[in-house]
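First the structure, in the form of C-alpha cells, and then the observations on it.
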Amino acid sequence: MISSPSLSAAQHLDTDWLDSLLSKLSQFGALDNGGVDRQALSATELDARAWLIDEARSLGCEIYTDSAANLFFRRPGRQDLPPVTTGSHIDTQPGGGNFDGCYGVLAGLACLKALNDAGITTERPVEVAIWTNEEGSRFAPGAMGSSVFTEPDTLAAFLNVTGEDGVTFAQALELHHQRFPGLAQRPNRDMAGFVELHIEQGPLLEHLELPLAVVSGIQGVRWYQVQCQGESAHAGTTPMALRQDAMQLARNVASAIEASTLNPGDDALRLTFGRWQVTPNAVNTIPSRASFTLDFRHPDPAVLAQFDARIAGLAGDRVSVAPLLSCEPVVFAPQINQVLNATAQALDIPCTGLLSGAFHDAMHLAGHCPTSMLFVPSHRGISHNPAEYTEPRALHTGARALAGALTELSDTI
Ligand SMILES: [Zn+2]
C-alpha cells in the first residue's frame, strides 16, 4: 500500500503538459528526419537549459548547479532534509531520438507540477536533476556530470577533454557559467534517494506487452582483445599439416570460449565477438596474425570473475590476451524497488523486473545513495536513433508511477 498523497500525486499528473514539454524540448536541435542533435553544453543545449530553468522557476523550484554544470530543480519539503531526487540527461547522440534522457527529466518536472496541483507538501524536498554530458558524444567518457557529483575528484581529469570542435570541457563549463551567472551552488551533495525514469532502449517490455519495469540493476561488462600469432605462407604450396595459420587458431580459440562460456539456461548472459582483424587479409596467403574482441556481460560478479579467469588461462605461446574494459555490475536498492513495486501495484500498472543492458547516470548514483530506475517500453527496442519511439500512453503511465513513488519515498525514507 502507498499513502493517499502518493496516489493523489499520481492522479494529478498532467499528461497534456508532459506531452507539450516533450514536443518543446525536441525543437532544440531538431533534425529534418525527426531526430535531434543536442550536444552537451552546446549553444543549443544551453538554450534548452534556459527554457527548463524558467519552467522550474514557474513551478516554484529552487535552482542549483554544481562544478560539473549539473542542474537541480528543488521543490521544498516540510523539512530541510536531503531531497529525494529524480532526473536524467538532455544531451543526445548526434543523430539521437527525442526520449533517451529527455523523458526522465521532463517526467520529473511533470511530477513537481502534479505535487503543486494536488496541493501536497512532502516531508523531504523533491528534486529533478539534469546530469551533464551523459552521452559522451561531445566529451568522452559519458556520464561525466553524475560521475563528478558522486566523486568530485573525477572533475580534474575531465577538464582538458576536448570535443571535436576544439572546445575543452573546462571552456564549456565556463560558457555555462557565463550564460547562467546567478545560479546558486547546490549547498551539499546530500541525497536521500535517486530514481531515474528512462526508456528501456531494448525490446523486452514491448515483447512482454507491459508498460513498466522496475530495474534490478545494471549488468557488469568485460572487454578483451585476443591476438593469435601464426606465420604467413603461400596458400597453394604449404601443406595443411605444416601451417601455422593464425586465423585457424583464432577460430578454435573463439569456439572454445563460446563452448565454455555459453549457458543456454542463463538468459542474462551476453557474449559478442564484434571486431575481427586479419593480417595480411589476402585471399591466397595464410594469415600471420588474427585478433578479435570479446564483449561479455553478466549481472553476477562471480560469473564475470570466472570469465576473467578463463580468458587469462588462454594466454600462451601463440595467444595473447589484453583487457580493454572492466565494469562491475550495479545492484539497485531493494528498499527503493519495494516502493516502486508497491506504487505500480497501487496504481494498477502491470509491471515486471528487468536488468539494464545500458549504462545510465543511475550507475554512479548507486554508489552515493539508495538508487533505482524505472523503464518504459521502447518501440522495437530502437534507441540512439531518430526512430526512437514510445507510445504516449506508456510515457504517461511511467510518469504517474514516478509521481507516486517520489511522493511515497519523500515521506518514508
Ligand atoms: Zn539515456
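Any Cβ shown, glycine's included, is placed from N, Cα and C.
For HIS89, ASP100, HIS198, the entry in TrEMBL reads Zn(2+) 1 binding site. With a 10 A radius on its CB, HIS198 (Zn(2+) 1 binding site) counts 26 other CB atoms from all the protein chains.
Long-range C-beta contacts of HIS384 (Zn(2+) 2 binding site), restricted to its own chain and to partners at least six residues apart, with a cutoff below 8 Å, comprise GLN93, GLY95, GLY96, GLY97, ASP100, GLN201. As annotated by TrEMBL, Zn(2+) 2 binding site applies to ASP100, GLU135, HIS384.
Summarising the annotation, TrEMBL assigns domain 'Peptidase M20 dimerisation' to 217-315.
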Averaged across the domain 'Peptidase M20 dimerisation' (217-315), what pLDDT does the model get? Just tell me the whole number, please. 96
What does the structure give for the C-alpha distance between HIS198 (Zn(2+) 1 binding site) and GLU135 (Zn(2+) 2 binding site)? Integer Å is fine. 14
Tally of residues which DSSP labels helix, strand or coil - the domain 'Peptidase M20 dimerisation' (217-315): 31 helix, 31 strand, 37 coil
C-alpha spacing of GLU135 (Zn(2+) 2 binding site) relative to HIS89 (Zn(2+) 1 binding site), in angstrom: 8
Using Cβ atoms only, which residues of the same chain lie under 8 Å from GLU135 (Zn(2+) 2 binding site) while being at least 6 residues apart in sequence? ALA40, HIS89, ASP91, THR92, GLN93, GLY96, GLY101, GLY142
Residues other than ASP100, GLU135, HIS384 within 8 Å, Cβ to Cβ centroid, of the Zn(2+) 2 site? THR92, GLN93, GLY96, GLY97, GLY101, GLU134, SER137, SER383
